[in-house]
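According to TrEMBL, the record shows the following:
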- HIS110: active site, proton donor (ACT_SITE)
- HIS110, ASN111, PHE112, ARG113, HIS114, ASP151, ASP266, GLN317: AMP binding site (BINDING)
- HIS114, HIS150, ASP151, ASP266: Zn(2+) 1 binding site (BINDING)
- ASP151: Zn(2+) 2 binding site (BINDING)
- 27-361: domain 'PDEase' (DOMAIN)
Amino acid sequence: MEAAPSIALHCPHPERIRTPDSACESVRAAVNAIIGSDSDGGTGGVSEAERRAIQLANFSNWEHEDARLLVYMRQIYIDVGLVERLPIDEDKLLSFLLRIYAGYNQVPFHNFRHCFMVTQMTYSIIWLGNLHAICSDSELVALLTAAVCHDLDHPGLSNYYQRLAATKIASSYSASPLESHHAATALAVLSDPACDILASLTAETRSGVEGAIQRLILATDMAHHAEILAEFEAAVEAGQFSLQDLSDCSADSRELLLRIVLKTADVSNEARPVATAERWIDCLLAEFFAEARLEQESDISPLPFMNPALVRKAVSQQQFIGGIVLPLSLALARVLPRTETDIVQPVKRQLEFYTRLVEDEEREAAVAEED
């Protein structure tokens, strides 16, 4: 089991957080070894049991090496049918995924493993919602690729920091600096012929897919969360989504749904078992607290939810799950009802878990005060 990245690696200087070439080469060799082995009775090194496991919303990354997770991501493209139908050249798919691996930095939270978990939950929702039979191949490849690339080259420092520190990323984009950077970096990777998984598409279709990838990634900016969720809920109320046949929806409505799918996947750790989610919470807080220290050193006031002097983990989680994750999951379930059992109910259990912790902490504080 691999440990979470060390907070010592968290630094605003890009050269200090890059995934080393040696690590990339090691992972490349391990991926090729896995793909070339069918001793487990599967195909491409992935057994039938593993293929079923990565469809589940409760999947955990912590038991697997990076190379295995990369192979699973490759299998996701295959099992959705994109390699065969689009088609996607398998050598280019592997080169693309290896380049993506190299493009994620060694920061506590917004790293390759987070990329995998978001992609895997996106894949799980595709199965739960039967989206592989509803959406076009162009929509599916845009959704999966947006999930894979949604935090590409994330420096572990928020948009808040980017703007106040006037970083190169902030100066390059007028809105959603990080998300715009992730999208631009993704398109740059796709422009390399060796990594061009969209090479089979016509120029017109490709332009549409690339635009959708950009819009989907931009939708992960939490600054626009309330606006996007309200737009989706209004569309549901207006009857834009037919539960009988989502393929009858307009292309704009389906893309709005895909934005909600990706946004749900992006905060989906709270739908997973506590043992899996807790490690991710600690990674996120490590990244937040590292940013807060850096900001304090630069005379920038940290955001309250990043300030270690103010954050109470249980309270923070209760507020995040109750205010963001649960409403988002409930909205998705209105259109994709099968996510109720696999995502909404686990999220409710997590909220109950943290609510009990908060209540226990408050009782203990009250007793201590009396003493």
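From the backbone N, Cα and C atoms, a Cβ is placed for every residue, glycine too.
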Using the alpha carbons only, what distance in Å do you get between GLN317 (AMP binding site) and HIS110 (active site, proton donor) once rounded?
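Counting only the Cα atoms, the answer is 18 Å.
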What whole-number Å value do you get for the CA-CA distance of ASN111 (AMP binding site) and HIS150 (Zn(2+) 1 binding site)?
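Distance between the two Cα atoms comes out at 11 Å.
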Using the Cβ center of HIS114, HIS150, ASP151, ASP266 as the Zn(2+) 1 site position, which other residues in that chain lie within 8 Å, going by their Cβ?
HIS110, CYS115, VAL118, ALA147, HIS154, THR220
Over all shown protein chains, what is the count of other CB atoms within 10 A of the CB belonging to the residue listed as 'active site, proton donor'?
24
How many whole Å apart are the CA atoms of ARG113 (AMP binding site) and HIS150 (Zn(2+) 1 binding site)?
12
In this structure, which of the binding-site residues ASP151, ASP266 has the fewest other Cβ atoms within 10 Å of its Cβ?
ASP266
Which whole-number value in Å describes the distance between the Cα atoms of HIS150 (Zn(2+) 1 binding site) and HIS110 (active site, proton donor)?
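Rounded to the nearest whole number, the Cα-Cα distance is 10 Å.
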For GLN317 (AMP binding site), what is the tally of other C-beta atoms lying within 10 angstroms of its C-beta?
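GLN317 (AMP binding site) is surrounded by 23 other Cβ atoms within 10 Å.
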